[in-house]
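See below for the structure under consideration.
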Amino acid sequence: MHHFSYIDGRLHAESVPLDRIAAEVGTPCYVYSTATLTRHYRAFADAFAGLGASICYAMKANGNRAVLRLLTGMGSGVDVVSGGEMALALAAGAPAGRIVFSGVGKTEDEIAAALQAGVHQLNVESEPELDAIDTVARRMGVKAPVAIRVNPDVDAATHAKITTGKAENKFGIEWTSARQVFRRAMTLEGIAVKGAAIHIGSQILDLGPFEAAFLKVRDLVAMLRADGVTVERLDLGGGLGVPYHQGDESPPPPAAYAEVVRRTLGDLGCALTIEPGRAIAGNAGVLVSRVIYRKDGITRTFAVVDAAMNDLMRPALYDAWHDIWPVVEPPAHAERPLVDVVGPVCETTDTFARDRALPPVAPGDLIAFMTAGAYGAVMANQYNGRPLVPEVLVDGDRFHVVRRRPRLEDLAALEDLPPWLAD
Ligand code: LLP
């Protein structure tokens, strides 16, 4: 459920017409809905309230400071995966005690910064990383609170490029060595073992893989406790999917997901954490773009739009589908000829949709790529000399540019000519 809908024939974000934002801010631009973000956060908070679980929003999905401020203001913690994300989360006002630091390649500097800040927990991804955390913590005279991420080797049945919980993936400690690594961790002076963590993948549309993974975690907890290992906390990661194909995909609601957690892990006496990203931010955002040209080729028709793969990488990277809605509502029985929607970047993969049945769009028309609130702006880059697109947050009938469009001179702002080329 989201708050982008047609009112009087124009697509609105809550009460604000998208054409008004496009006129004031320019295109392309990302537009986020406060009501949708709030609604999704509450759905998780309500579903997990009975389980006493903490929600640590995975800010990699959308790390805009306004989004973070909104969510942390409602009580969310934050899952971060780099020193940069941690700094952004702290700057947005997230209390360090509600930050979980995940990620497979934490550097010594990042570990020290996390311990200095006093984060809730570091999720350890490998034995060498465990040793690095131990070393840094001992040097600082503290004990690092850690959860050890295990790889449960389940197939999340999602896109191969976003699955993480299979043995062949780089994430977590292999299931078969987990027990021995926990035992060793208990002996390290700089480490306080708090529990276990998993994350099996993203855009998961079926509860089966979650259930399989949670049951494996349940067995692991029993084994570890028998070994005398402390397991006070379980971090279950994120991964719940969202509907990218309107009417075609129906991901389980947070309440059903919470029910699986309750059934499989609810009686272990562990403090639970979940790290949803996409399910909170995904359909809380759209990318608004303007059609520049319509190009009638011999075999295909192209709508060339002003957004490109650098602004929204998901179609180019994962062949991802995003629904495309014209900003002016088409008549109910409008013809829908097939069109390829492409961006201006000089790559064939800069294609948002192939053979998409769309009401005819003409140069100057505005369109919205739906469900672009997660893994959209955060993954953007400046390829082809295209400045990052601005982000706008709507709240009811007001809106604010929460990340401005860089000026063209900002494109090379960090570059410096060597003196021998400076003339
Ligand atoms: N926790 C960990 C440790 C993660 O690696 C991830 C996502 C999450 C939580 C949040 O997962 P979510 O609830 O958003 O599914 N760029 C890809 C998605 C990559 C996800 C990476 N990890 C995409 O656009 O589909």
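The backbone N, Cα and C atoms fix where each Cβ goes, and this holds for glycine too.
Positions annotated as domain 'Orn/DAP/Arg decarboxylase 2 C-terminal' by TrEMBL: 29-373. What TrEMBL records for 35-281 is domain 'Orn/DAP/Arg decarboxylase 2 N-terminal'. Among the features that TrEMBL reports, N6-(pyridoxal phosphate)lysine is placed at LYS60. The pyridoxal 5'-phosphate binding site annotation in TrEMBL covers GLY239, GLU275, PRO276, GLY277, ARG278, TYR375. For ARG278, ARG314, TYR318, GLU347, TYR375, the entry in TrEMBL reads substrate binding site. TrEMBL lists CYS346 with the feature active site, proton donor.
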Judged by other C-beta atoms within 10 Å of its C-beta, the most isolated of the binding-site residues TYR318, TYR375 is TYR318
By a simple count of other Cβ atoms within 10 Å, which of GLY239, PRO276, GLY277, the binding-site residues in the record, is least packed?
GLY277
Spatially closest candidate among GLU275, PRO276, ARG278, CYS346, TYR375, the listed recorded positions, to ARG314 (substrate binding site) (Cα to Cα)
TYR375
Residue from LYS60, TYR318, GLU347 whose C-alpha is spatially nearest that of PRO276 (pyridoxal 5'-phosphate binding site), among the recorded positions
LYS60
Given the binding-site residues GLU275, GLU347, which one has the fewest other C-beta atoms within 10 angstroms of its C-beta?
GLU347
Using a Cβ cut-off of under 6 Å to any atom of ligand 1, determine which of the recorded positions ARG278, ARG314, CYS346, GLU347 qualify.
ARG278, ARG314
Tell me the Cα distance separating GLY277 (pyridoxal 5'-phosphate binding site) from the residue listed as 'N6-(pyridoxal phosphate)lysine', rounded to the nearest angstrom.
7
Please work out which residue of LYS60, ARG278, CYS346 has the most C-beta neighbours within 10 angstroms of its C-beta, and give that one of the recorded positions.
ARG278
GLU347 (substrate binding site) to GLU275 (pyridoxal 5'-phosphate binding site), Cα to Cα, whole Å, comes out at 35
Simplified DSSP label at ARG278 (pyridoxal 5'-phosphate binding site) comes out helix
So what's the mean pLDDT when you look at the domain 'Orn/DAP/Arg decarboxylase 2 N-terminal' (35-281)?
94
State the Cα to Cα distance, in Å, between GLY239 (pyridoxal 5'-phosphate binding site) and the residue listed as 'active site, proton donor', rounded to an integer.
33
Within 10 angstroms of the C-beta of ARG314 (substrate binding site), the count of other C-beta atoms across all shown chains comes to 22
